[in-house]
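Read the structure below first, then the notes.
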Amino acid sequence: MLRKLTIEQINDWFTIGKTVTNVELLGAPPAFPAGAAREEVQRQDVAPGAGPAAQAPALAQAPARPAAAFERSLSQRSSEVEYINKYRQLEAQELDVCRSVQPTSGPGPRPSLAKLSSVTCIPGTTYKYPDLPISRYKEEVVSLIESNSVVIIHGATGSGKSTQLPQYILDHYVQRSAYCSIVVTQPRKIGASSIARWISKERAWTLGGVVGYQVGLEKIATEDTRLIYMTTGVLLQKIVSAKSLMEFTHIIIDEVHERTEEMDFLLLVVRKLLRTNSRFVKVVLMSATISCKEFADYFAVPVQNKMNPAYIFEVEGKPHSVEEYYLNDLEHIHHSKLSPHLLEEPVITKDIYEVAVSLIQMFDDLDMKESGNKAWSGAQFVLERSSVLVFLPGLGEINYMHELLTSLVHKRLQVYPLHSSVALEEQNNVFLSPVPGYRKIILSTNIAESSVTVPDVKYVIDFCLTRTLVCDEDTNYQSLRLSWASKTSCNQRKGRAGRVSRGYCYRLVHKDFWDNSIPDHVVPEMLRCPLGSTILKVKLLDMGEPRALLATALSPPGLSDIERTILLLKEVGALAVSGQREDENPHDGELTFLGRVLAQLPVNQQLGKLIVLGHVFGCLDECLIIAAALSLKNFFAMPFRQHLDGYRNKVNFSGSSKSDCIALVEAFKTWKACRQTGELRYPKDELNWGRLNYIQIKRIREVAELYEELKTRISQFNMHVDSRRPVMDQEYIYKQRFILQVVLAGAFYPNYFTFGQPDEEMAVRELAGKDPKTTVVLKHIPPYGFLYYKQLQSLFRQCGQVKSIVFDGAKAFVEFSRNPTERFKTLPAVYMAIKMSQLKVSLELSVHSAEEIEGKVQGMNVSKLRNTRVNVDFQKQTVDPMQVSFNTSDRSQTVTDLLLTIDVTEVVEVGHFWGYRIDENNSEILKKLTAEINQLTLVPLPTHPHPDLVCLAPFADFDKQRYFRAQVLYVSGNSAEVFFVDYGNKSHVDLHLLMEIPCQFLELPFQALEFKICKMRPSAKSLVCGKHWSDGASQWFASLVSGCTLLVKVFSVVHSVLHVDVYQYSGVQDAINIRDVLIQQGYAELTEESYESKQSHEVLKGLFSKSVENMTDGSVPFPMKDDEKYLIRILLESFSTNKLGTPNCKAELHGPFNPYELKCHSLTRISKFRCVWIEKESINSVIISDAPEDLHQRMLVAASLSINATGSTMLLRETSLMPHIPGLPALLSMLFAPVIELRIDQNGKYYTGVLCGLGWNPATGASILPEHDMELAFDVQFSVEDVVEVNILRAAINKLVCDGPNGCKCLGPERVAQLQDIARQKLLGLFCQSKPREKIVPKWHEKPYEWNQVDPKLVMEQADRESSRGKNTFLYQLHKLVVLGT
């Protein structure tokens, strides 16, 4: 036996490429245990060195990536093989050492079960096992497992491998009172938990006692558990942490044919540890469909100078036979009409769907035929109709098939979808028995291929397709691609039938296509998916370079894939970026503190980084919620028929943040607060709350569990959620939200996107001068479209209150009502309307043909109305030719001078207010109007008040109550909020006090004026500290304008809003410009006016240079227009009284559109010119520019990206629109990029831009990761001090995420809080400077994406003091400064 090994010898065991020296032995090598005769027949002699340890894989059979197999050059292929050969030869040398140090005996007798456990009696002998194919081999298979290190069990689906074999082993040990600890892996959670539950129920054991399970967060097991089922990932995490298998006596790995990345890495680690420190653990591999020889050779063991393959045991027999059929075998279909299958184009055509539906309808005949009773009547029809399992590739196909089947109303089918995104309650329905006389149809993805067994399935319909996760060669972004399933997978699917009776499998491909085109095996995930988490686990194992260990995998990944993953881990910060570029190792890197954290978290790398940065900046709680929510299925419900309501609800949760992630946080916190206050005490209340708020309760509970799990896991790294309650004033809340948005940008670097600018001139023309914030455009309007205005109004009712519709030829402009006391922004109703278009909601009108209308209205020349512009005003309930009503309500008509004296009555926000003119003329008009109204005998409203209704409402002034013209804003209970249209203020009024307004009082234009200070926008400080303006800015502005008489100078009139300069007179002093005061205080900054405003300004200058009288011509009605008005009235009456008959045509409208809708593009080099789509569930799936005149770049951050099969289009998920702060995209990029190179102008006097990425290779001059390089041109001026501030903030981050004696694990809570506060203040200071950065015209570098373009003499190193002392494992290196000339 071995003497005690030294620490150095143990470390050498675990490092590939090192040999163990100076090993002292006692005794001689033992004889290998004798196996059964069958074992000797199956074993093949393999010469030393010729086994799997020395053989490179056949790369042609397993291409490194599906798209790259034909592109990779021969030299690349040879280097891939070379690295695998090199490290497998090193492994073979280790085996030679292994043979020389084998101990003479086993590990000694295990302690008895009774001594180790309080479970003293496990009634294994009294249990009667079910009669399954494996039952007849019980003794033999247990004996083989005990006699061999590794056994491979191959048997048909349903033979009893997963449920019976672990029990055989358990009972074997119980009968001998010997200790055992058996773990069985399952690829899916549902499989592990359901099998454990089934066994405990069969054996009448308490779940969590002898048998238990652990899936992700949920562990139902105790110290007494002897048989535990768990997912592959859970076991892998346990083994990597322990670096040993000795926690278990038996490891049973089920479904090994599923070549996931986790599965292959688990096999690699188990194989490695079996040969080092865990040689007495028994390993069993099981599957119904695997290439046994490949696995047997992989687990070959050295015996007497030979490599002996692992033992293969065949379980013969099946529960019931399953017959296979192909399209050729189906006689009832017209084969000539079927679309041919193409290997290059995996797709389900409409005719193949129809074949599946027809098959399902034929199963009744088949059931009758099989029962031998063909004369059954409908009343005697089979009460138990066998279930059908249909395999489809994805949710879209499931939904389509679901619609086809549910339309067969009289066929008595119960259709259930089975997909990972389907609500959990619905998933459980597949296990329920159908209603008697009904047939259960399960539409499933490959989730039902293994682990999930529905026992009553008799028929399987297989489209032979799947969606596989692949990694794009160029971008490394993942995408789910439709592809043909492998024969292995299809055979696994076939095995789902025939559990309780004879089964049938229908493969919807032709037999020759199956034989010649369907691949035999699936391409292992390790060859087509990112390797990040695997490489981090390799680094934790500390067994040498990642490529050395991965070379020994069953299907080793390509060397280029390993190199790329190392670079991506350096980009995210899990591996350190070397300060000296020449020291950079492309195949390895030092694990940073962040890397160690990521390796321990059950979330992807970017979400792990989010948690760590959340800890740094004091928003850990929010980041934990986001990470938990994004790791699991989205808890926001977007029902197919109620998608718009679900979207609206999500927008409401996000507030004004425009962030999916913040919506998740707010929804989670609201749910949690409701639970804590007892509102959701009962499950029924909670479910109702979930339905009302479009939240899936089971999923949000899962998020809560993962949140708690993550909180526990990070506590070992001294990261804790701050339990102290901060001062929760409004400014703190908004600052916290901004910091969280910055943290999101840091975590999801480089998923950065900017927007193309809309053409304002074209947009104004497209909207015909309508307000883009309130209006959408429809196209393909039928002739005489104004007849259908009520239909059109009802189509948009779910979006918001329609104020007016203007019909202009084949176009219509739908304008929504805006609350006059809300800030300027694009209305939610406009977003909802554009969302309808995105969701392809059908906008269909029932119409008459133009000829029919003209034919039925005799004696009238109505044809002239075909293209007349008609305005339908719902507020005034009028339908007029456009010119008659166009200017009557336009407030610009009340402007008879560019200088006005006003009283402010209502402040909406900073720079936006209502008031009325107090000159003598206007005062007289208001006085006369008020007197006339209050002399009338007022009549109550004839109908219930509704938003937009114009009426008369009381207002108490100087203790005297009088009535004034008012508009209802909204109704709540027994009161309404009204807006006084002649003064601009608002008030709450009891409903019974509202009175009807006589028609004559609607003729005078509303006298209140709406004002907006021109050429001003919020500063960064205001945007960060408030919703749009900070509380401080709002209070300061209110103090300047309230209770004062102001002088305003009109710059322009845009959509009835006066854009003005505002002056305040104070005593005898000169006038104070209020905009200048706000800028001096740091609340505002200068900006450009919009194109429309500038146009209006020019028009006003022209008008006021002439006589004022010329301004009133537009409102004079023309006789011709009166004639058109009469014809419109006649047509409307004919339509409403049904004189035209019932409409017999349908008109499909196109739209709605808004020309200010923004399209985004990527900042990274590889994706700059790719088309970008934002997933429809995202809040930002619709983005409309509120300020098209502001040309500063705006930025969007995406939590995850994927691309389509062709690589042409990117899909963004969980997006956040960053605040519109000038220079923000450049600042965020510099702050979070691993390496930057500043661009300077030709004279070296100022910075013009920055190149961000991983830097360049000094030896070749090439970019290290060119695909993710980002070139930005600055649109504001940055100084040397700005770059220094960025470095100071990076250094502050490093202090909270570093290892070592001064690392964050050693800091006390007070010091952590102090460092967090410093980081927060530095971050806010970087973005909120007292003086805004100067605007400059962007100037692109003449050599974009080229590194090393700065004279080295101008470059100044900024090395961190601590990084120069030794090994550098900081998260962020300090950027090199470029010195500017004077």
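Note: Cβ is positioned from N, Cα and C throughout, glycine not excepted.
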| query | For the record in Swiss-Prot, which of the ranges 36-62, 522-548, 981-1007, 1251-1277 is the region 'Disordered' one? | reply | 36-62
| task | Could you tell me which of the ranges 254-257, 678-681, 878-881, 1110-1113 is annotated in Swiss-Prot as motif 'DEAH box'? | result | 254-257
| Which residues of the same chain, at least 6 past either end of the motif 'DEAH box' (254-257), have a Cβ under 8 Å from a Cβ in it? | 161-162, 184-187, 191, 263, 267, 285-290, 295, 450-451, 488, 492, 521-522
| message | Please report the three-state DSSP label of SER159 (ATP binding site). | response | coil
| task | Ten-angstrom check, please: count other Cβ atoms within 10 Å of the Cβ of SER159 (ATP binding site), all chains counted. | result | 25
| query | Near the Cβ of GLY155 (ATP binding site), how many other Cβ atoms are there if near means within 10 Å? | reply | 23
| How many other Cβ atoms sit within 10 Å of the Cβ of THR157 (ATP binding site)? | 24
| remark: All chains considered, the count of other Cβ atoms within 10 Å of the Cβ of SER162 (ATP binding site) is 26
| note | DSSP composition of the motif 'DEAH box' (254-257), residue counts helix/strand/coil, works out to 0 helix, 0 strand, 4 coil
| Whole-number mean of pLDDT values that fall within the domain 'Helicase ATP-binding' (142-308) | 89
| message | To see if you understand the setup: which same-chain residues, six or more apart in sequence, place their Cβ under 8 Å from that of GLY160 (ATP binding site)? | response | PRO130, LEU132, PRO133, ILE134, SER135, VAL315
| said: Sequence gap of 6 or more, Cβ distance under 8 Å: name the residues on the same chain that satisfy this around LYS161 (ATP binding site), in order along the sequence. | reply: ILE134, ILE153, GLY155, ASP254, MET286, ALA288, VAL315
